[in-house]
């Protein structure tokens, strides 16, 4: 992977590792199949919880990217936040009502910690970005604290989620402020790519659990599926992104959220299906939607910061949509037969990876001129 102008410190890498562990634990805790499916309510809860973790991590990363804040005070705040991220992850329970105090209180403390960091930067550097984000995070922390004392729980959680959503949307709503302080796109994309790498590592846990239940060809293909998805991401990162652009970095920030959700979901779905816990038809729909989210988000990320030579025109988007449709039909026909389906899934991902490499990232090669 390419280097950025800023280096990633060991403390930041440690924080990313703790964060990836917390997100992976959340996915394992919530994704419990019942009657052959994962209930829609549980999937929504998973996305909401992921939004909480993503928002916290994003504001920490934007702070580092914009201000290169690698001093003792920043490291102490990061270590403090690590502890509360761990508390946040251990508070997760499939029964959401039981998570109220530990989860929402931990989130409020983390938001307040981030607000303090931005506030200190505002006092020292008089940055409009630091001031705006600091006030926003402090206000959202206050809303989350208020939600703790609201009854019933459904209303309490609605207020809590409203505070988190407001914070999560703030970079988008205040993009003019972000543009005034452009991102170091090399550093920002590197930080997010490292997080994605760690989340891929967490997804391997599903492979390990499948192998633990019994070494099989399906387990080997499961591992290959994760590897092919990772290769596609790495190809985009290494060969497709122009990291010299002066930009607010919003596509980097927001398109990683569906990518993270897709990676975690895919591993969970395949592991549960191979264990016989998911209905084949439900699994076929779930994995098709998940792969669509992954590939459309990845190509969207590529199209936001493309280098000059790549080809992401209508033909490429059409191929992506049409191939997902064909795979969906294949899935509904074969998910009752694990081995043929896993072979088909592996072949589909391999074809997409080769298509990405040859026709999107290297369209001017001889093979492209001959076939495209």
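The backbone N, Cα and C atoms fix where each Cβ goes, and this holds for glycine too.
Unlike curated entries, TrEMBL annotations are predicted automatically.
For reference, TrEMBL has these:
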- 12-34: transmembrane segment (TRANSMEM)
- 46-64: transmembrane segment (TRANSMEM)
- 76-97: transmembrane segment (TRANSMEM)
- 103-121: transmembrane segment (TRANSMEM)
- 133-150: transmembrane segment (TRANSMEM)
- 156-174: transmembrane segment (TRANSMEM)
- 194-213: transmembrane segment (TRANSMEM)
- 219-236: transmembrane segment (TRANSMEM)
- 248-270: transmembrane segment (TRANSMEM)
- 282-305: transmembrane segment (TRANSMEM)
- 317-336: transmembrane segment (TRANSMEM)
- 342-361: transmembrane segment (TRANSMEM)
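Remote same-chain partners of the transmembrane segment (219-236), defined as residues 6 or more beyond its termini with a Cβ less than 8 Å from a stretch Cβ, comprise 1, 193, 196-197, 200, 203-204, 206-207, 210-211, 259, 263, 266-267, 270-271, 274, 294-295, 298-299, 301-302, 342-343, 345-346, 349-350, 352-353, 356-357, 361. Long-range Cβ contacts of the transmembrane segment (317-336) within its own chain (Cβ-Cβ under 8 Å, at least 6 residues beyond either end) map to 273, 280-281, 283-285, 287-288, 291-292, 295-296, 299, 344-345, 348, 351-352, 355, 359. The largest share of C-beta pairs under 8 angstroms with the transmembrane segment (194-213) comes from 12-34, of the ranges 12-34, 46-64, 342-361.
Packing against the transmembrane segment (12-34) from elsewhere in the chain are residues 42, 45-46, 49-50, 53, 57, 60, 64, 78, 81-82, 85-86, 88-90, 92-94, 191, 194-195, 198-199, 201-203, 205, 260, 264-265, 268, 272, 277-278: each is 6 or more residues past its ends and has a CB under 8 Å from a CB in it. Within the chain, the transmembrane segment (156-174) has long-range Cβ neighbours (under 8 A, six or more residues past its boundaries) at 48, 51-52, 54-55, 58-59, 62, 96, 100, 104, 107, 111, 132-133, 136-137, 139-141, 143-144, 146-148, 150, 248, 250, 253-254.
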